[in-house]
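Asker: Just passing along the structure, written as structure tokens.
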Amino acid sequence: MAFASFKEVLLDGLKNGYAVGQFNMNNLEFTQAIVEAANEEKSPVILGCSEGAIKYMGIDYTVAMARVAAETAKVPVILHLDHGPSFEYVVKCVRAGFSSIMIDASHYALEQNIELTKRVVDLCHPLGIEVEGELGRIGGTEDDLTVDERDATLALPEEAKRLVEESGIDALAPAIGSAHGVYVGKPELAFGRLQEIRDLLPNTPMVLHGGSGIPDEDIRKAISLGVSKINVNTENQIALTNTIREIFAKDAKVYDPRKYLGPGKAAIKEVVKEKMRLFGSSGRA
Ligand code: G3H
Ligand code: ZN
């Protein structure tokens, strides 16, 4: 199959109360593990790729791997730029063959965020490429913020409405207290804020970043409030790395990469399959 439509897949999730996972590809093993899991779970899937991962793999290798994965898959597969940093970088990814785009202009003031995001939408939509935008600050190194500091980073409902309506994006990633990487303490998602945004934008699929380490009940609640895309990377990275560490601890003489990357890949696949069941996307393709 050719790459699937980002919007179609997300709207089906929104309509039917499930979320599609975006799992980040960091190399060949990730790509294979994610798409094999999707095939076995009969789930649509989004291969996410950040600027850093593209730099690591090379943009042509990235697109080629994702294309082979999509063409051989029996389920919808999307290749999505994750946290696109600039208009120029988006152009590069569109030219290379990405099938959907995230532009992350969340560090700008609202007017500039809308302006840059709309510029990306105006480039992408005529090409049939759909766009995700971001509002507020999703934590990362800042996940030990105090409550007041954290509240100041959350997306504001009125601003969310303006960003969606004035830029024309197809999906919105509002900051609701999640963070990238390993959480310090229990993640506290701002469900009230998510509900307020949802009330203003009932037809817009919402995206939850920093999906690793969020308790299952919070994931289900987020989905019930309109989240139809959930991004996961760190849990897969940990699964791979822990597996390799265990193999090295048991056998210091191992040198064939297939002997540790193979089991590492299988560990990623298990995490992805579990997430697909949790997100409710299993059996939807
Ligand atoms: O954009 C990527 C994600 O938000 C992944 O977050 O590494 O915390 O799972 P995570
Ligand atoms: Zn993210």
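Including glycine, each Cβ sits where the backbone N, Cα and C put it.
Heads up, TrEMBL stuff is auto-annotated, nobody curated it.
Straight out of TrEMBL:
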| type | residues | note |
| --- | --- | --- |
| ACT_SITE | D82 | active site, proton donor |
| BINDING | H83, H180, H209 | Zn(2+) 1 binding site |
| BINDING | D104, E134 | Zn(2+) 2 binding site |
| BINDING | G181, G210, G211, S212, N231, V232, N233, T234 | dihydroxyacetone phosphate binding site |
Asker: Take the Cβ of V232 (dihydroxyacetone phosphate binding site) and count every other Cβ within 10 Å, whichever protein chain it belongs to.
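Answerer: Other Cβ atoms found within 10 Å: 24.
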Asker: Please report the DSSP secondary structure of T234 (dihydroxyacetone phosphate binding site), reduced to three states.
Answerer: helix
Asker: Radius 10 Å, atoms counted are CB only; among the binding-site residues S212, N231, N233, T234, which position scores highest?
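Answerer: That would be N231, with the highest Cβ count within 10 Å.
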Asker: Within a 10 Å radius of its Cβ, which of these binding-site residues (G181, G210, G211) has the fewest neighbouring Cβ atoms?
Answerer: G181
Asker: Out of E134, H180, G210, S212, N231, V232, which binding-site residues have CB atoms lying under 6 Å from ligand 1?
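Answerer: Checked binding-site residues vs ligand 1; flagged H180, G210, S212, N231, V232.
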Asker: Minimum Cβ neighbour count within 10 Å among the recorded positions D82, E134: which residue?
Answerer: D82
Asker: Please check each of the binding-site residues D104, E134, G181, S212, N231, V232 and report the ones with a CB atom less than 6 Å from an atom of ligand 2, ordered along the sequence.
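Answerer: Near the molecule: N231.
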Asker: Of the binding-site residues E134, G211, S212, V232, which one sits closest to H83 (Zn(2+) 1 binding site) when you measure Cα to Cα?
Answerer: E134
